[in-house]
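Participant: The structure follows.
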């Protein structure tokens with residue numbers, strides 16, 4: 001009897017170990033001799049632009065504070081940490097978003113500013129384009145311009161990220177491959193319209209009219225049209241949704257304008273349901289790229305209040321995508337990472353000559369009701385008003401202090417130096433407002449640009465993500481995406497090279513190579529000008 005008991009116990013232990021070991025689960029990471037890709041599957045790839053590990057630490061503590069949660073209450077995404085990613089580009093230890101996204105979309109390194117082209121300036125096929133060719137439906141969801149670096153790298157090919165007019169044209173299907181994207185949600189209407197219609201294109205083309213009349217797109221241009229989609233149940237693809245002229249406002253501001261702009265989490269849920277429904281009778285599922293775009297912008301400004309709300313909204317979107325996979329009838333994987341960190345964020349500061357204070361103060365951020373971007377816009381609007389023309393310096397300072405500093409930041413102890421900076425340098429006020437709140441919260445920043453810090457990788461779903469464990473290159477993330485869908489980007493690359501008439505014999509010695517790389521770097525600097533006035537390359 002004793003021997004039988006031992007045998008039963010041993011069997012139970014072996015069974016438990018077997019079932020708990022993830023390597024014995026159904027491996028659906030990608031094609032291998034023992035793991036052929038069979039059945040339908042969906043792939044969700046999320047990019048938290050500019051979010052480093054410190055952003056998560058700051059947001060976690062902030063949310064605990066405003067909700068009265070215990071110190072061990074984590075963000076949803078915290079429980080899905082898988083590994084970390086190294087971020088350098090082909091020509092710099094510090095990447096920009098274009099080179100970072102090219103590493104994801106093409107699984108290859110390229111120079112800063114490159115939109116899915118390589119250092120020899122040849123185009124590289126992307127995961128989205130290959131997925132579309134293989135029969136998957138595809139989508140892009142962002143909160144910045146849809147023509148910005150990250151979404152552009154999945155859906156277009158240009159030498160520098162500044163070529164947004166051309167990016168927009170390729171995204172609707174006017175490029176060499178035709179239409180590769182089935183669903184687009186985001187901002188950036190500006191580059192789809194000529195100036196005569198309120199846009200910012202350098203030519204007179206109306207790409208929205210072109211898309212709807214000639215290319216079969218359906219269009220949604222405001223919140224009302226978005227709501228008519230009924231959470232993705234009433235969407236006819238292809239769908240072009242452009243809900244702002246440029247960026248969708250920071251979540252800190254957007255939450256007070258919810259009747260005007262959809263949130264990232266709302267767009268995520270709508271897109272997932274729309275793609276799932278449209279692919280229901282297909283053999284293949286879908287590929288969807290979702291970007292929490294404005295985490296990066298908050299980092300460029302050095303605005304901690306704007307950033308914590310952006311990260312919380314990204315966390316909600318990640319949760320929504322993860323829960324979608326849980327209830328989906330199809331196999332699916334969710335991979336989330338950042339292209340780089342922005343701002344050199346530090347969750348505490350010690351000023352020179354001061355005794356160390358090992359703390360930072362979420363309460364200061366909790367008092368903020370408007371982003372530094374919104375406050376700077378209000379100041380510029382006031383300066384342009386008739387009231388300003390007759391306002392004394394004393395009265396202007398009082399208005400700034402009462403309406404903007406206290407009214408928007410919740411700061412009641414602004415110094416005369418801070419107020420004088422706002423009066424004397426209104427063009428730089430976005431950074432002054434951010435510095436005022438950062439100081440009160442005891443949050444530090446080392447730069448208004450990007451840094452080379454490794455960034456986190458998160459996964460969810462039933463896929464074997466062991467290839468993303470440990471510290472990997474950003475190109476390894478791109479390779480995982482390709483392997484999971486079992487798509488061939490090489491064939492897409494060959495067709496692109498033919499279409500662009502790329503001559504491989506001239507690849508290494510192309511004239512102007514350094515000039516194009518410099519233009520890419522300048523384009524990245526130009527993008528930063530929107531949040532860091534007076535920046536010099």
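Cβ atoms are placed via backbone N, Cα and C, with glycine included.
In TrEMBL, annotation is done automatically, which means it is predicted and not curated.
Summarising the annotation, TrEMBL assigns active site, phosphoserine intermediate to 97. Annotation comment: TrEMBL describes 49, 296, 300, 339, 340, 450 as Zn(2+) binding site. According to TrEMBL, the Mg(2+) binding site annotation covers 49, 148, 150, 291. Positions annotated as signal peptide by TrEMBL: 1-19.
Show me how these features fit into the shown structure, please.
Facilitator: In three-state terms derived from DSSP, residue 97 (active site, phosphoserine intermediate) belongs to a helical segment.
Residue 339 (Zn(2+) binding site) falls outside any helix or strand according to DSSP and counts as coil. Within the same chain, residues at least six positions away from residue 339 (Zn(2+) binding site) with a Cβ under 8 Å of its Cβ are 47, 49, 50, 87, 95, 97, 100, 101, 103, 104, 150, 455, 474.
Around the Cβ of residue 291 (Mg(2+) binding site), the same chain contributes 46, 47, 48, 49, 140, 141, 142, 143, 144, 150, 151, each under 8 angstroms and 6 or more positions distant in sequence.
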Participant: About how far apart, in whole Å, are the alpha carbons (Cα) of residue 296 (Zn(2+) binding site) and residue 148 (Mg(2+) binding site)?
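Facilitator: Per the Cα atoms, residue 296 (Zn(2+) binding site) and residue 148 (Mg(2+) binding site) stand 12 Å apart.
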Participant: If the Mg(2+) site is taken as the center of the Cβ atoms of 49, 148, 150, 291, which further residues of that chain fall within 8 Å of it by their Cβ?
Facilitator: 47, 97, 101, 142, 144, 149, 151, 293, 296, 339
Participant: According to DSSP, which of helix, strand or coil covers residue 296 (Zn(2+) binding site)?
Facilitator: helix
Participant: Where does residue 49 (Zn(2+) binding site) sit in the DSSP three-state scheme?
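Facilitator: Assignment for residue 49 (Zn(2+) binding site) reads coil.
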